[in-house]
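Student: First, the structure itself, so that you have it in front of you.
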Ligand SMILES: Nc1ncnc2c1ncn2[C@@H]1O[C@H](COP(=O)(O)OP(=O)(O)OP(=O)(O)O)[C@@H](O)[C@H]1O
Ligand SMILES: Nc1ncnc2c1ncn2[C@@H]1O[C@H](COP(=O)(O)OP(=O)(O)OP(=O)(O)O)[C@@H](O)[C@H]1O
Ligand SMILES: [Mg+2]
Ligand SMILES: [Mg+2]
């Protein structure tokens, strides 16, 4: 029982870290991994999702519906931003750093001015359960499941649907996709919207577990970028294994040496993985496949 | 008559804004009152306010600006310890005078600085013995992994030992960490009687929600929560239940002075989310300064320090009586033990009057004699001699 | 010889050439030299403070704008050199102009570290965003590590690292002089020293990027495979650019540390790491002059906004950034240059 | 076959067409009419604007002046994808396959020609270019140059366009497949009435395919030559010499 | 030994695909040699192996008698190999002039550099476009520019992958003459081409590659007369012009 309890504890921790990395990264995997837009406002999309979720729940909606509202709202904001700003920057990916940084400043401070420096949260739903020596939050299991569902859905969307094929074509050679009859403007817009909506979903899912402040998105962004980049160019063959590898390393080091070691070891793992696999994990997986 | 110029550098945006905005309001409120009543020795107060955006480099830029260009008489500045350390060399260079109105890890021995916030010896020497008596002797600390957290943890360790307790664990969390599943598990493993949470920043505050969700119910103690970040108002009950905090003021303090203060405040700032201890510190600091200037007959730093050296600069603040200790130039406080209920209501099981910031003076810092312009800790005390 | 220098200063890799540009340049330098007599102490010290950062931006322009390798880790070298300066001077004081030696050593340390890291990166064929993330990770590892050095055990000689609160108490720069060192507080003297340094670095970099070395560097940016197929060891050129650029970040770090007598881990954090990228991108990354002017402009505008913008400052800053990117795709300075050319053309 | 009314009329017409890059016109007023059901070649030296013409026809470059009509309707203002939806297929110079997608996925994109209103015919494409069937799952970027060219042609055939714009289709293709492509094109033209406009340097291919051959110089169509005349060295010299 | 370039049992696999299959190829010093073969035969791959862009799965490559199998690409270039790729590789954002400068600055500087650039521009018919961005050249012009860069290195061995793709018959002819002129100056040339007129014009020897193997070797006449080659490569109609 001792061993079982310890084993479950570790799996739970690794799963928790995995879920956090996947959910933090999934929106970015599309916006950055696929579209090449370095979206420094990713955290603010997450914040948007979280805030809207909290408002919706406070207005009386049940949490799942609240999260849906948050997802939708972030998606709509994403589409709006795509139309106004990002659209003009696809052939200049590095400039997106500046533009999205600007957007991030506006969003964080704007929310601070409009809604105040902090807001009351909604409290974590479900209760706790005990396994062996420890008690755990059930809601965290929901987060893990959500991460897996999101990954599967994305895989299906991008590899099995016409939209997915068109999106990838648009991102690789936009003018050719256009010349072959793909409405690339629409595709860009929807893809960006999807990425933003996923960020919003993440915000909604984590909203009950976190303090609501305008800068809350910042805690996701580093992990998100690291996961996407370690994953490499292919979003789905990349993000999931990257999150798994980093999640296990982080959980192991955190339980062994504490949070700082967990954080630093994750960063060092990033450096090493990229050194060994200069094109990321998916670059390596796809290397011989042709 | 020329006005008395007070520079105000506080974080009105960025990470720390939640806890700092009320500080600016406190200063403005006191200023308005004093100006209405005729000013400081007949001179009006003029505030020069800059937003430092929770950014240390802005403190450097703006501290130089208020001292060199705006030529203020005194500066009220800083929330985080890092920001204080960023501007301190500049205050020293220009021989200015700065008030740091913030609860912090203690130990700054600098003639250019006056500190009105509470320090660990005031908060922990009261809180920990009380909690150990009530809940047990096994203590676990989780603390932010930087100076404030580490030094506070050092204090906890020392006081627990002095009172015959046992540290069963200590964990430091880097700033910006928001996920605590592992930490929660570590705490469950050793089953402490008391959990000291010395977490800082909005990201780390997520701990409470997550611990509650995992059904962790160890009585908690802290020197920062409630009094600074009013978590009991922001979080959904019962995530902060069973939290114990020693603070020199919060808006729930139920004295006539406090009530009068609150109603003045609410009249001016009806939308203030919360009036925290730093807000009250900043408010009464203006009155302390007024008294110093009036007694010194000047805003000259040395003359003011001469007044402080007499050891009787005191005001009746909303919290109670506050005096400036001449050796360390820190303030003595009334310390309230605030206990958070399951519905996040506050009760005060105990109040200590006139707790002195004794440690620096005892350890050898004496600003009436010499000015080392340094920060000390229990494990790095002032050199003897 | 003169013709050669002229050619290098006016080569294809830099905007601005010919008598008009250089007359302008001289006028600007003279104006900058005269500036302190017309303004107050704060402005002088504050301008020095802006100058301090420009070296880092110029370094990034070299690595990124010219070499095509986006380094998010300029701040790692900034911090490293800053801490090195602090440790050296806190241990050995500032007598006999030791501070100058400390500057040299600190910059050398960041150069050596850049050489090691750069070797690891470029000889490992890491490029593109991967490079950005690795360098960012490095600076964040530094930050996280330094942030937890608050304890008394973290000291090197007499210098306490002092964790997140940062290291203080190091002396400002001094120049040995007859009858006592000149202490360069952020004031007129320091202003001239840094201004001179800036002019030298600017001209030096201009010559560098228009030299054969610079040609190869831009070639690598455009098409590394082709550059290699012309017989150039791409890795070596990228490494050299990285070392030079990172050393300039180190120089900024030392100057900043001595200016405010303070250095902290947050100088290496995420926000700090993104700032140089923003300055350089806004100014116009693939040109030195644009970077220099742009960085200065961004710094001053942002500071002005902070002073007068109250809590709207950050919002306005954000909006400005978005607007610049949308309406000046080449960066602010080339954008303005292009606009004025078009206006003149239209007439 | 298409309806009679259309068979006789002009399918594609350009008048006074000007376009170029960054405000500088490359096409200086192109006048050209392409009959429904024909195969027309455009020849000319390097850099005279042949590819520019093709890009302008599909809409990747906006026309600065003049008009393009397709099936009697002015399409100058339409976006490329809208033109594709009308049934125009475009094979660019330099292949431009989607490198990180498989061969099959590349072909899938071609379905959008005609707005995906016509059923996609993969088998026909695979029969034309067997290597594509064999390498269905290979990523297009790793295919050889000639294989990519075949993919680029196959990609438009999937959508059964009614007009195909081909920019140097023989480039990088082995002789036997060049002949094969010529045969396929003629066959498509004959059996399905697909109209073809192509740019080519390979005279043999022009002779094998084209019914009209237009010579372009300095951004204008300067003359028409009969494809058979291209056997004549002198003619070739005159129009194509450097 | 007169072989300038020699491969010994050279193999290259991509996953399960054998793209180069036990190739033993010899290129003599001073010859113009054409490499032909069906699309996907492995010609470009072989070039990349010679240059070190791909590393072989097994086998060795000798250049002037020296084993260069493990040298880095730029080291091979410095030994006198130069290449024009199938897909034009140029410095897109730089001017045509700068493109050439970067290639020429190895052995020239100052006035002689400027002179040589002017001469090359004239030769490549790019004088009018000298200060244009290379990206805005037409496809054929890019091919020319890349050939210009390749010959700027004054190579001992010049590798050309489809140098005349996209060129008109006349331009193709001129390119052929240029190759012959270079060869007369002692440059060894190995060219991949599908344009048989060009092959006929320049080749002293031809190697046919098929499924990554040497399928046939000989003079142009021998190869064109070879029925098996016609079967896999030329197709039925033979022609002359
Ligand atoms: N993207 C571009 N930007 C600016 N100018 C361009 C661009 N593309 C082509 N040009 C110019 O337009 C002219 C015509 O180019 P185009 O590609 O149409 O020629 P072409 O006839 O297709 O030649 P080729 O046979 O070499 O493909 C050329 O002089 C070229 O320099
Ligand atoms: N990275 C890779 N992964 C898988 N297959 C590859 C890869 N690179 C090349 N190939 C395959 O190797 C074969 C040889 O390609 P190569 O480019 O050498 O052909 P080629 O002879 O140059 O043909 P072409 O005349 O069409 O240019 C092709 O079938 C190609 O699909
Ligand atoms: Mg063309
Ligand atoms: Mg090839």
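Just so it is clear, glycine is given a Cβ too, placed from its N, Cα and C backbone atoms.
Note that TrEMBL annotation is computational and uncurated.
As the structure is a computational prediction, the values presented were derived from the model and not from experiment.
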Student: Ranges A:98-119, A:164-185: which does TrEMBL label transmembrane segment?
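Tutor: Among A:98-119, A:164-185, the range TrEMBL annotates as transmembrane segment is A:98-119.
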Student: Going along the chain, which residues at least six beyond the ends of the transmembrane segment (A:139-158) come within the CB cut-off of under 8 Å?
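Tutor: Long-range Cβ neighbours of the transmembrane segment (A:139-158): 12, 15-16, 18-20, 22-23, 26, 29-30, 34, 124-126, 164, 167-168, 194, 198, 201, 205-206, 208-209, 235-236, 239-240, 243.
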Student: Let me check one thing: do the transmembrane segment (A:37-57) and the transmembrane segment (A:260-277) come into contact, meaning three or more Cβ pairs under 8 Å with sequence separation of at least 6?
Tutor: no
Student: Considering only Cβ pairs within less than 8 angstroms, which of the stretches A:6-30, A:63-86, A:98-119 has the most against the transmembrane segment (A:220-248)?
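Tutor: Answer is A:6-30, with the largest number of Cβ pairs below 8 Å.
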Student: At least three Cβ pairs under 8 Å linking the transmembrane segment (A:63-86) and the transmembrane segment (A:186-208), pairs spaced 6 or more in sequence?
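Tutor: Contact between the transmembrane segment (A:186-208) and the transmembrane segment (A:63-86): present, because at least 3 Cβ pairs are under 8 Å.
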Student: Residues sitting near the transmembrane segment (A:6-30): Cβ under 8 Å, six or more positions beyond its termini, same chain?
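Tutor: For the transmembrane segment (A:6-30), the nonlocal Cβ contacts are 39, 42, 45-46, 131-134, 136, 140, 143-144, 146-148, 150-151, 154, 191, 194-202, 205-206, 220-221, 223-225, 227-228, 231, 235-236, 238-240, 242-244, 246-248, 250-252, 254-255.
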Student: Other than its close neighbours in sequence, what residues sit by the transmembrane segment (A:260-277), given a CB gap under 8 Å and a spacing of at least six beyond its ends?
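Tutor: For the transmembrane segment (A:260-277), the sequence-distant neighbours (Cβ-Cβ under 8 Å, at least 6 residues beyond its ends) are 223, 226, 229-230, 232, 242, 245-246, 249-251, 253-254, 283-284.
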